[in-house]
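J.: Once you've had a glance at the structure underneath, I'll fire off some questions.
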Protein chains: 4
Amino acid sequence: MAHKHGLLRERIQFANAEDKQEFTKYPTKAGRRSLSRSISQSSTDSYSSAASYTDSSDDETSPRDKAQVNTHGSSDFCVKNIKQAEFGRREIEIAEQDMSALISLRKRAQGEKPLAGAKIVGCTHITAQTAVLIETLVALGAQCRWTACNIYSTQNEVAAALAETGVPVFAWKGESEDDFWWCIDRCVNTEGWQANMILDDGGDLTHWVYKKYPSVFKKVRGIVEESVTGVHRLYQLSKAGKLCVPAMNVNDSVTKQKFDNLYCCRESILDGLKRTTDIMFGGKQVVVCGYGEVGKGCCTALKALGAIVCITEIDPICALQACMDGFRVVKLSEVIRQMDVVITCTGNKNVVTREQLDRMKNGCIVCNMGHSNTEIDVASLRSPELTWERVRSQVDHIIWPDGKRVVLLAEGRLLNLSCSTVPTFVLSITATTQALALIELFNAPEGRYKQDVYLLPKKMDEYVASLHLPNFDAHLTELSDEQAKYMGLNKNGPFKPNYYRY
Amino acid sequence: MAHKHGLLRERIQFANAEDKQEFTKYPTKAGRRSLSRSISQSSTDSYSSAASYTDSSDDETSPRDKAQVNTHGSSDFCVKNIKQAEFGRREIEIAEQDMSALISLRKRAQGEKPLAGAKIVGCTHITAQTAVLIETLVALGAQCRWTACNIYSTQNEVAAALAETGVPVFAWKGESEDDFWWCIDRCVNTEGWQANMILDDGGDLTHWVYKKYPSVFKKVRGIVEESVTGVHRLYQLSKAGKLCVPAMNVNDSVTKQKFDNLYCCRESILDGLKRTTDIMFGGKQVVVCGYGEVGKGCCTALKALGAIVCITEIDPICALQACMDGFRVVKLSEVIRQMDVVITCTGNKNVVTREQLDRMKNGCIVCNMGHSNTEIDVASLRSPELTWERVRSQVDHIIWPDGKRVVLLAEGRLLNLSCSTVPTFVLSITATTQALALIELFNAPEGRYKQDVYLLPKKMDEYVASLHLPNFDAHLTELSDEQAKYMGLNKNGPFKPNYYRY
Amino acid sequence: MAHKHGLLRERIQFANAEDKQEFTKYPTKAGRRSLSRSISQSSTDSYSSAASYTDSSDDETSPRDKAQVNTHGSSDFCVKNIKQAEFGRREIEIAEQDMSALISLRKRAQGEKPLAGAKIVGCTHITAQTAVLIETLVALGAQCRWTACNIYSTQNEVAAALAETGVPVFAWKGESEDDFWWCIDRCVNTEGWQANMILDDGGDLTHWVYKKYPSVFKKVRGIVEESVTGVHRLYQLSKAGKLCVPAMNVNDSVTKQKFDNLYCCRESILDGLKRTTDIMFGGKQVVVCGYGEVGKGCCTALKALGAIVCITEIDPICALQACMDGFRVVKLSEVIRQMDVVITCTGNKNVVTREQLDRMKNGCIVCNMGHSNTEIDVASLRSPELTWERVRSQVDHIIWPDGKRVVLLAEGRLLNLSCSTVPTFVLSITATTQALALIELFNAPEGRYKQDVYLLPKKMDEYVASLHLPNFDAHLTELSDEQAKYMGLNKNGPFKPNYYRY
Amino acid sequence: MAHKHGLLRERIQFANAEDKQEFTKYPTKAGRRSLSRSISQSSTDSYSSAASYTDSSDDETSPRDKAQVNTHGSSDFCVKNIKQAEFGRREIEIAEQDMSALISLRKRAQGEKPLAGAKIVGCTHITAQTAVLIETLVALGAQCRWTACNIYSTQNEVAAALAETGVPVFAWKGESEDDFWWCIDRCVNTEGWQANMILDDGGDLTHWVYKKYPSVFKKVRGIVEESVTGVHRLYQLSKAGKLCVPAMNVNDSVTKQKFDNLYCCRESILDGLKRTTDIMFGGKQVVVCGYGEVGKGCCTALKALGAIVCITEIDPICALQACMDGFRVVKLSEVIRQMDVVITCTGNKNVVTREQLDRMKNGCIVCNMGHSNTEIDVASLRSPELTWERVRSQVDHIIWPDGKRVVLLAEGRLLNLSCSTVPTFVLSITATTQALALIELFNAPEGRYKQDVYLLPKKMDEYVASLHLPNFDAHLTELSDEQAKYMGLNKNGPFKPNYYRY
């Protein structure tokens with residue numbers, strides 16, 4: 001049910017269409033076949049953001065085969081081209097403008113250096129925004145080594161900029177699977193340095209350490225994991241009694257969830273549909289399958305722009321909420337013939353079936369904002385009687401024998417992963433949560449955290465939120481002593497019980 | 001933080017202003033002084049709904065002194081006037097139209113009678129809506145005896161109608177405190193009948209049984225309690241190890257909370273302001289103190305009607321939500337001079353201070369949608385330099401020496417309790433939840449529930465929701481076997497984990 | 001198509017239900033039969049606002065038979081009870097707080113007295129708000145004599161307060177038709193004073209002068225008329241060549257229209273439905289017939305509160321607007337069975353037919369926000385097979401033989417005239433427009449206005465708007481000389497061409 | 001004040017960034033200098049839509065120098081490459097799906113051929129959507145010759161497809177000014193064919209005919225003009241007594257205006273901001289300068305997505321509307337320091353001055369949705385102390401000496417012209433209006449139209465709307481005879497007076 005936006009960490013630029021098709025459509029499928037089971041799916045997800053600002057051109061040499069040195073004489077890194085550092089630096093500076101929470105964290109922690117002594121090995125998307133996170137960790141006293149959690153998503157220029165400042169980075173856009181594991185290994189397995197903290201996104205780094213260097217865990221004070229997939233893996237380890245250090249699940253913190261799902265989808269559904277189809281929202285009949293946080297975000301935005309929205313639900317409580325929010329609750333089959341747009345947000349599979357696709361009207365747009373790419377039964381459309389016509393990047397017309405066209409976006413993969421962007425502000429919330437989780441685990445007194453998976457303490461979640469309020473010039477009210485006593489609260493929070501629903 | 005709408009269970013009719021003032025303003029205060037500590041505050045709360053449809057006129061005889069018999073020859077009841085039964089029956093019939101969930105519960109349980117053998121003693125507001133609940137319990141097989149949880153709120157005609165059909169009811173509008181306890185006692189202490197279930201609202205009945213007839217608890221299978229206050233008492237008993245039967249907290253079920261707080265306040269804030277002040281919402285500057293569910297409801301509605309709304313918050317997470325929802329987050333003192341309307345929804349005290357009241361502009365409206373009547377420091381306004389002018393029922397002008405007027409609604413008590421109505425539909429959700437909680441406790445196998453306070457199982461919460469979907473002609477989707485398996489769910493729910501935030 | 005809010009000029013207080021029924025239901029109908037054709041319908045419209053703040057009690061003597069003198073020794077007035085003046089004064093003072101536009105007009109015109117020499121005879125509702133207008137006219141230099149345009153709507157206390165300060169007022173609540181014309185006559189036909197300006201609402205005063213004292217028109221510089229009906233009469237006179245002075249149609253000024261229709265209905269539809277039925281809006285299926293300004297206001301508000309709204313239209317342009325605004329456009333017969341609420345806003349007749357009423361579901365609410373009381377074919381419901389049950393003031397249940405109930409509000413008359421209030425702020429806009437129209441006509445150089453009906457010059461309309469901006473602390477931007485030149489505009493307006501659609 | 005969307009007629013694809021910069025930034029400016037005064041500004045406006053679907057590659061030969069023949073043997077056309085016809089045909093077919101109004105016009109007119117005998121010379125953007133219009137005109141019986149109204153906007157493949165089917169088209173992307181006039185001339189000046197109707201967009205074609213072939217007007221039955229600029233020229237001609245044929249101003253028809261301004265901007269403001277800046281709308285402080293239709297559209301959308309919006313206005317009526325719609329009305333200078341986004345929608349110049357730009361906060365986004373590119377004083381930013389940094393196509397960072405960055409979009413030109421798309425549905429409304437205007441003028445009986453500029457008759461405006469209702473499955477209600485009589489309306493419209501404000 002949870003939502004996998006964690007994968008999407010950077011600005012997306014619509015690059016040359018050919019280029020994009022090349023790496024999204026064909027190679028992805030080819031690539032997947034050759035990947036071993038152990039690699040996380042997310043590490044090879046297609047990534048529409050071209051991610052490369054400068055023309056990385058004709059240089060076909062593998063970074064592994066190049067000898068590169070930064071201006072400080074270090075060669076403890078492996079990136080596409082260290083000369084792109086300057087360009088990458090500018091991107092990082094631009095990202096910093098929207099990540100003032102991390103900047104203020106740097107300032108607040110100027111004296112104490114809460115991560116002094118921390119040796120963090122990280123495996124995330126490598127983008128301007130994560131660069132701001134990494135450089136914040138360094139500013140807080142940590143040493144870091146970094147690699148990429150996805151073979152397509154690295155911004156080469158940013159990787160170069162990090163390497164130039166002395167962060168050992170091992171990542172480039174378009175890694176092979178072998179490259180992927182080689183990079184991880186180079187991060188972990190280095191002489192004279194041993195990680196005592198892990199920051200992971202997807203669980204591949206953790207998996208590698210478990211498999212190859214289990215002794216590393218003796219020194220590791222904790223793992224911070226961000227993705228649904230990685231968190232799932234950790235819970236399984238914990239259940240199996242194999243988790244040997246505390247782990248922090250930052251995926252499920254309130255602030256991150258609300259931004260990744262409700263607030264972000266409220267904007268990205270519009271953006272994704274507009275960029276791909278130029279649809280006019282006013283007056284369009286839309287059915288949204290699923291009225292969880294993602295569905296609520298989609299419905300709010302579409303209704304606000306004049307679409308006529310109905311929803312499908314399996315859960316009567318969510319269905320009742322939809323009613324009260326002004327949406328008709330229907331079964332998909334009842335309305336499918338009239339719909340202009342069908343959006344899935346369920347986390348379930350085969351929510352839109354071939355039979356329903358057969359009954360859609362000409363021009364109906366179908367897309368997925370949910371979890372997996374099986375919500376729409378896309379496989380059923382790959383049959384001989386139907387013609388696929390790629391009309392734009394991420395846009396296919398599926399043509400029925402009678403000429404009817406259904407417009408399928410991103411081949412049923414996540415629309416907002418593939419066709420829209422995630423604002424830096426959202427990434428700032430995730431990055432700040434990660435930074436605080438690292439500080440918490442690194443500084444926790446012996447015994448506070450066992451070998452288990454923890455949620456971020458509510459007070460830290462509140463702290464993440466408070467660090468982002470200045471962006472809105474928002475002014476919090478403080479409880480008076482008398483009020484705090486009356487409410488039975490500490491003046492500094494936490495302000496709500498754990499079960500509070502927000 | 002929770003919200004006390006439970007008190008408000010009936011239609012409010014704007015009756016003769018004098019009449020209302022009489023029982024709200026002066027007698028309330030006088031009355032309170034004479035009440036013992038043990039009586040719950042809610043039992044004597046002012047109740048703006050006149051509640052009496054027919055003119056109960058000049059009959060000054062206490063019901064306790066009258067000999068009344070219903071048409072079936074029974075005199076096991078005590079109501080104002082049994083002859084009003086026919087009028088009350090019509091009210092019940094009208095209420096039934098909007099409480100189809102209970103009606104359908106009657107139908108579904110026609111064969112099995114899940115409450116056969118249940119002997120329920122109840123203490124709630126006695127209104128057309130609770131009458132539908134009581135008659136549903138009877139239809140499900142229960143025997144019931146009933147009394148009122150508030151000395152002002154009984155609809156005499158409805159009480160008569162219940163008594164006429166054979167339900168022993170002991171309640172009338174305008175009871176004294178002595179009457180109040182006498183009625184409770186008559187319900188509990190009757191020969192040849194001993195309750196095995198308790199349905200309480202406020203905890204006074206439970207308190208009485210504990211104090212006077214503790215042995216009754218030997219046969220009682222459970223207590224169902226609806227109010228914040230009553231639930232609080234139960235938790236205290238439980239903590240003190242004195243709770244001797246299972247208790248069900250229906251106040252905190254998801255469905256009830258959302259309706260009592262978010263959805264209901266979204267409507268009642270408009271209704272309450274309009275009925276008292278005829279204010280035009282468009283363009284008004286409004287500050288809402290507190291962005292919990294109640295605050296969210298108020299803000300949504302006011303913004304939708306063109307008010308310019310800002311909020312105050314102590315909790316950074318709620319504050320960040322307010323930002324994302326488009327509300328400026330301010331400190332009250334920063335904006336107080338510009339505001340046209342100030343609304344408190346915090347559950348805290350002294351949120352609006354005398355100093356802030358002094359700085360309000362002429363004509364500013366101040367009211368409370370929160371929990372207690374101390375959110376606005378009304379006491380500070382009862383000082384010699386200020387003049388109070390009652391301009392309408394529930395509306396006072398407080399006049400400063402320079403002529404400035406502040407418009408105080410309901411003397412700072414809950415606006416929606418005092419000045420607006422609660423739709424029958426909302427009451428239907430509460431009543432259905434109560435009925436299901438009774439069924440659950442009565443039928444639970446030995447040992448499922450200990451001597452503790454429980455929340456309604458999520459599946460039952462979902463069932464309450466599902467019973468209300470037909471009102472909206474909403475059609476739920478059913479999981480296929482394959483989908484249920486994929487999601488790891490039972491096809492019949494529950495569909496969400498307990499911590500799900502909705 | 002225009003909307004008749006002009007009739008509704010005061011606060012409505014829900015008084016004792018009996019009282020209201022008495023004068024709305026039976027007497028109205030009886031009354032109408034006895035009225036001659038010449039009286040405008042509006043003068044006898046039912047008026048739900050009880051309008052009488054103090055208990056006018058048992059005094060059955062006709063004001064015409066009483067000898068009353070104010071404290072200044074004058075007896076040139078006829079009101080219910082001059083002793084109620086003090087109470088009325090307070091009402092006027094309260095109204096002044098929300099009518100700052102008129103107050104600022106008084107201040108701006110302090111030196112010049114633009115109405116010095118004006119002798120105005122007025123015929124309007126007599127309420128606290130019109131009192132503020134009248135006293136403004138006096139402050140601007142005018143002499144005024146005043147009478148009521150509706151036999152039910154006079155606030156006796158306000159009339160007394162005006163009489164006390166020396167304005168000859170002839171009006172009371174509950175006039176007979178004979179009283180009505182007698183009062184008008186006493187205003188016009190007085191020795192030593194001859195009106196040179198007429199302010200009318202409904203056209204009855206104008207009609208009387210035409211019929212009885214045509215010579216008065218020799219001195220009259222102009223007529224200001226506010227109502228749809230009165231304006232219609234004036235256009236007919238003009239067409240027939242019988243209009244012998246300039247007349248100003250203030251009904252159709254932009255500002256007034258937007259407030260009377262779009263903005264006011266946006267609020268009053270909610271208020272009217274809530275006060276009469278306690279309906280919960282969330283999730284309700286509503287059809288609004290007509291998507292003009294009134295319909296747009298209703299739809300916006302209902303949608304914002306979670307209703308699911310569809311509309312009917314005859315005009316494809318308005319229908320297309322509805323589509324773009326997110327409303328399904330349907331034929332009434334297609335959806336009538338599913339609807340919870342049916343609202344007419346068309347200005348047309350028989351928009352809801354008996355056949356459609358027959359097909360409504362149980363509990364469906366039907367009401368009219370449009371022009372006439374024939375939009376719903378209420379007459380067809382007065383047939384023997386149907387039972388009418390009055391369940392509250394303004395609320396009838398029509399019961400079909402099978403037990404189905406349809407809830408008819410205000411017997412099909414205007415919901416907002418009958419069941420909700422009009423904020424003083426809206427009345428301020430109307431009153432300010434009237435004052436400016438009087439100033440314009442009185443001061444216009446000879447020949448600017450012929451014997452025709454004029455709209456208020458756009459610049460004056462803009463001035464009315466600008467006088468109301470301070471209520472919102474709104475700050476206008478001024479054009480620089482360069483910008484004004486670039487736009488070809490005068491810096492002081494008018495800023496838009498006459499055909500501008502706003 | 002009117003809005004110049006007419007310029008924007010096609011899908012925009014974000015092509016290779018370099019490519020775009022090339023033709024928008026430098027050549028535009030260079031190009032303009034060399035253009036004579038007589039050419040309309042719109043003909044050389046930058047055009048962000050790359051417009052070329054296939055790679056037009058390396059072919060540097062001027063189309064004027066190529067000999068091309070279509071498969072029917074005709075060479076009466078001049079396009080980039082006739083071989084691209086097939087690709088263009090598919091684009092036209094896709095456009096047809098969203099232009100069902102024109103398709104239904106083809107069907108309805110199948111028998112009568114209302115344009116039989118019409119010889120139309122047209123000068124518009126040449127895109128898939130205009131191709132649907134042209135082929136509709138042909139289907140209705142007309143002969144057409146066509147050329148482009150903008151040197152950058154032609155979709156070469158579409159031009160080829162038209163030429164292939166036999167429409168003489170003279171247009172390609174990237175014409176020189178000389179090419180531009182040569183193409184127009186080839187359309188008009190052809191042997192054995194003389195135009196009797198003109199369809200123009202910008203007035204260049206009309207200008208050319210006036211200048212070079214005035215005798216053509218002897219046979220011309222009328223001119224249909226769509227752009228603000230072209231209409232302005234026609235009114236000037238008319239005023240000067242030089243207009244020698246009737247002209248139809250389709251720019252100001254109700255339907256077109258609402259779609260071009262209110263409805264389209266409501267969507268394109270979000271699209272334009274998102275595509276250029278990836279901004280998160282939630283919680284952003286935005287000031288919109290101007291609350292006309294464009295401003296209303298922008299404000300509605302931004303508020304709906306959680307931005308906190310205030311407005312500036314010079315017109316008190318629009319300002320009052322803003323208040324009632326829930327927007328604070330401010331002076332720009334009062335708020336400029338706090339704003340995250342500044343949007344101009346005024347039609348005026350220097351609305352945002354250098355002084356205000358100096359006071360903006362770091363990261364403030366500035367853009368223009370209004371008419372001209374002088375609303376923001378961009379010229380003042382081209383000064384030595386400021387650094388311009390192009391960070392993306394259409395996005396410049398202006399950097400102050402202290403490091404502050406202001407984000408300027410599209411160099412102050414129209415955001416929606418430059419950075420977002422116009423849905424085909426909007427273009428369908430314009431195209432249908434043009435087709436009906438041609439039919440009306442061509443078939444009007446002698447004398448109905450003089451040598452003047454006319455607005456489309458309201459009935460035709462209604463017809464355009466009605467042709468678009470099926471897209472929304474909207475069902476109009478028909479007046480009964482009785483109702484039509486009561487309302488004084490013809491059952492087929494027009495339904496509103498000319499001054500109706502919608």
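These residue numbers are counts, starting from 1, taken along the chain as shown.
Including glycine, each Cβ sits where the backbone N, Cα and C put it.
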J.: Starting from the NAD(+) binding annotation in TrEMBL that includes D:GLY292, D:GLU293, D:VAL294, D:GLY295, D:LYS296, D:GLY297, D:GLU313, which of D:ASN189, D:ASN196, D:ASN416 is the extra site residue?
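T.: As annotated by TrEMBL, D:GLY292, D:GLU293, D:VAL294, D:GLY295, D:LYS296, D:GLY297, D:GLU313 share the NAD(+) site with D:ASN416, chosen from D:ASN189, D:ASN196, D:ASN416.
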J.: Any idea which of the binding-site residues D:THR127, D:ASN416 has the thinnest Cβ neighbourhood at 10 Å?
T.: D:THR127
J.: Looking only at D:THR127, D:ASP201, D:GLU226, D:LYS256, D:ASP260, the residues listed as binding substrate, what is the longest Cα to Cα distance in Å?
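T.: Output for substrate binders D:THR127, D:ASP201, D:GLU226, D:LYS256, D:ASP260: max Cα distance 19 Å.
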J.: Using only the Cα atoms of D:GLY292, D:GLU293, D:VAL294, D:GLY295, D:LYS296, D:GLY297, D:GLU313, D:ASN416, which the record gives as binding NAD(+), return the largest interatomic distance in Å, rounded to a whole number.
T.: 21
J.: How far is it from D:ASP201 (substrate binding site) to D:ASN416 (NAD(+) binding site), counting Cα to Cα, in Å?
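T.: D:ASP201 (substrate binding site) and D:ASN416 (NAD(+) binding site) have their Cα atoms 18 Å apart.
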J.: Round to a whole number and give the Cα-to-Cα distance in Å for the pair D:GLU293 (NAD(+) binding site) and D:ASP260 (substrate binding site).
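T.: Between the alpha carbons of D:GLU293 (NAD(+) binding site) and D:ASP260 (substrate binding site) there are 9 Å.
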J.: Can you tell me which of the binding-site residues D:GLY292, D:GLY295, D:LYS296, D:GLY297, D:GLU313 is spatially closest to D:THR127 (substrate binding site)? Compare CA atoms only.
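T.: Checking each of D:GLY292, D:GLY295, D:LYS296, D:GLY297, D:GLU313 against D:THR127 (substrate binding site), the shortest Cα distance is to D:GLY297.
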J.: Between the Cα atoms of D:VAL294 (NAD(+) binding site) and D:GLU226 (substrate binding site), what distance do you get, rounded to the nearest Å?
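T.: Each residue's Cα considered, D:VAL294 (NAD(+) binding site) and D:GLU226 (substrate binding site) end up 18 Å apart.
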J.: 10 Å Cβ neighbour count around D:ASP260 (substrate binding site)?
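T.: Result for D:ASP260 (substrate binding site): 26 neighbouring Cβ atoms inside 10 Å.
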J.: Per 10 Å Cβ neighbour count, which of the binding-site residues D:GLY292, D:GLY295 ranks highest?
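T.: It comes out as D:GLY295.
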J.: Determine, using Cα-Cα distances only, which of these binding-site residues is closest to D:GLY295 (NAD(+) binding site): D:GLU226, D:LYS256, D:ASP260.
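T.: Looking at Cα distances from D:GLY295 (NAD(+) binding site), the smallest one goes to D:ASP260.
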J.: Looking at Cβ-Cβ distances, which residues of the chain lie under 8 angstroms from D:GLU313 (NAD(+) binding site) while being 6 or more apart from it?
T.: D:GLY290, D:TYR291, D:ALA319, D:ALA322, D:VAL329
J.: Taking just the CA atoms, what is the gap between D:GLY292 (NAD(+) binding site) and D:ASP260 (substrate binding site) in Å?
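T.: Each residue's Cα considered, D:GLY292 (NAD(+) binding site) and D:ASP260 (substrate binding site) end up 13 Å apart.
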J.: Can you count the other CB atoms that lie within 10 A of the CB of D:VAL294 (NAD(+) binding site)?
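T.: I count 31 other Cβ atoms within 10 Å of it.
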J.: What are the sequence-distant neighbours of D:GLY297 (NAD(+) binding site), meaning same chain, six or more residues apart, C-beta distance under 8 angstroms?
T.: D:ASN261, D:LEU262, D:TYR263, D:CYS264, D:CYS265, D:ARG266, D:ILE269
J.: Rounded to a whole number, how many Å is the Cα of D:GLU226 (substrate binding site) away from the Cα of D:LYS296 (NAD(+) binding site)?
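T.: About 23 Å separates the two Cα atoms.
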J.: Using other CB atoms within 10 angstroms as the count, which residue among the binding-site residues D:GLU226, D:GLU293 scores least?
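T.: It is D:GLU293 that, of the binding-site residues D:GLU226, D:GLU293, has the fewest other Cβ atoms within 10 Å.
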J.: Whole-number Å distance between the CA of D:ASP260 (substrate binding site) and the CA of D:LYS296 (NAD(+) binding site)?
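T.: Here the two Cα atoms are 12 Å apart.
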